[in-house]
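*Asks:* Input: one structure, supplied below.
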């Protein structure tokens, strides 16, 4: 009779586990639905001037990671265009090693900058060549200088920009490529430009940053505005989420283990049910 009672307990535990899975599934579905509804509410509320389309990024697929060639070109765009105004205070040169730069290339890139260090033995600060452990340089020594150079506006740091902006790289791509003439009735100040994808009426202080063939890619890719915007957005996405490839690998492994574990649970539940039936009828 003790074995029969233990079988009943095991069966109840298994049933409770499946009930828990059911509750978790309903909660997850409800959370996803709420997130989707809130996103649509934000888009429809006028916070975004023009709807942002969903763009087919290579790294957005479950079985795809970052395109290293695009990241390399995007870094070139940032280095030759964006870094004149925008900083990346949370990125070090070593973060690029074995992603889109070799160790020697990263050392050469870092050696191009000068970093204040010290004090030395005489108690004085000194300038030295950069190393791979140094952060990417900021274009301004402080925020006051940055605002004075940009009509009172301080260009945002780009380290986490795709996480800090609604729709991430989709929004940044459309912003970089969406400059146009202001329609009738839109008043712009002398230092403003019109971009329909920019919130608050489309008046933006940043001038168009990209022009066809303004840089020459080292791999020979034609440097059109859309190509440069795509590459720099991929680079900014990597800077915001450098662990994305690892997360996808872990997700695939966990999904496989969930399938195996679920099959084992179903088999064990069927086995327990059969054992209970045999034990019950044999005891009558």
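Keep in mind that glycine also has a Cβ here, set from the backbone N, Cα and C atoms.
Note: TrEMBL annotation is automatic and uncurated.
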*Asks:* Among 174, 206, which residue does TrEMBL annotate as binding heme c at the site that also has 82, 85, 86?
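*Replies:* When TrEMBL describes the heme c site, the candidate it includes is 206.
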*Asks:* Pick from 1-19, 20-38: which range has transmembrane segment per TrEMBL?
*Replies:* 20-38
*Asks:* Record lists 82, 85, 86, 206 as binding heme c; longest Cα-Cα distance in Å?
*Replies:* 11
*Asks:* Please name the residue among the binding-site residues 82, 85 whose C-beta has the most neighbouring C-beta atoms within 10 angstroms.
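*Replies:* Result for the most crowded candidate: 82.
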*Asks:* Tally every other Cβ atom lying within 10 Å of the Cβ atom of residue 206 (heme c binding site).
*Replies:* 18
